[in-house]
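As structure tokens, the structure follows; a few thoughts come after it.
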Amino acid sequence: MPLNAVRVASKAQPAKNVILVFHGLGDSGSGWSFLAEYLQRSPAFAHTRFVFPNAPNMRIDANGGMSMPAWFNIYDWANPDARVDVEGIKSSLKVINSFIQEQIDDGISPENIILGGFSQGAALTLASTVTSPYKLGGFFALSGFCRLKKEDLDSIAENKNKDTPVFHGHGDQDPIIPIQYGSDAKKFFEKYFHLSDYDFKSYRGMAHSTSLEEMQDLVQFLSKALKL
């Protein structure tokens, strides 16, 4: 079955790098396709292709059982100790691996692949720093969080990306995923999985969104991670 995604070809051939971006709850791949246009303005990203996967529709308990695009279920927004859809997260981590393998099969080296996401997609990205069987070029998490416990990841941990750079940007006025959830995620992955290159940046006045300042920092991170 073909992998469902919005795909943006590299401006120049052949493609040498790939940036995979997983969207947030209720969104779609097209919601983040602006990132390709933004980055491809720079000649440095001419040989970079972009893939923006689309999540399937599923019932979200925290939204009254409404069906919407999601990578995993959310049971309760307000309670950080609420039930976590561990199996849903693990299932989506397999989807991520399928997208990565697709690019490798097409001749892209793993170290030239960047995995990133926003909100739910960022949560998957952070989990992938531990579970990915591939040594990637970098990870970026925008407004990300982690509600998994160490034991949830232990059984599927690969630990191939302990030294891989991670960029985590978060707004200090985020009403959906409070910035504390973001800083807690950094502590979690550094303490239990010994990530050694985890850069967490907060953005003053930013809500559950992105900003020009964050985008500029992301460009700098991607350029360094891909050696552009």
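Counting starts with 1 at the first residue shown.
Glycine residues also receive a Cβ, built from the backbone N, Cα and C atoms like all the rest.
Predicted, not measured: the structure shown is a model, and the values here were computed from it.
Features reported for this protein in Swiss-Prot:
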type	residues	note
ACT_SITE	Ser119	active site, charge relay system
ACT_SITE	Asp174	active site, charge relay system
ACT_SITE	His208	active site, charge relay system
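Secondary structure at Ser119 (active site, charge relay system), as computed by DSSP, is coil. Residue environment of His208 (active site, charge relay system) contains 17 other Cβ atoms, counted within 10 Å of its Cβ in all protein chains. In the three-state DSSP classification, His208 (active site, charge relay system) falls within coil.
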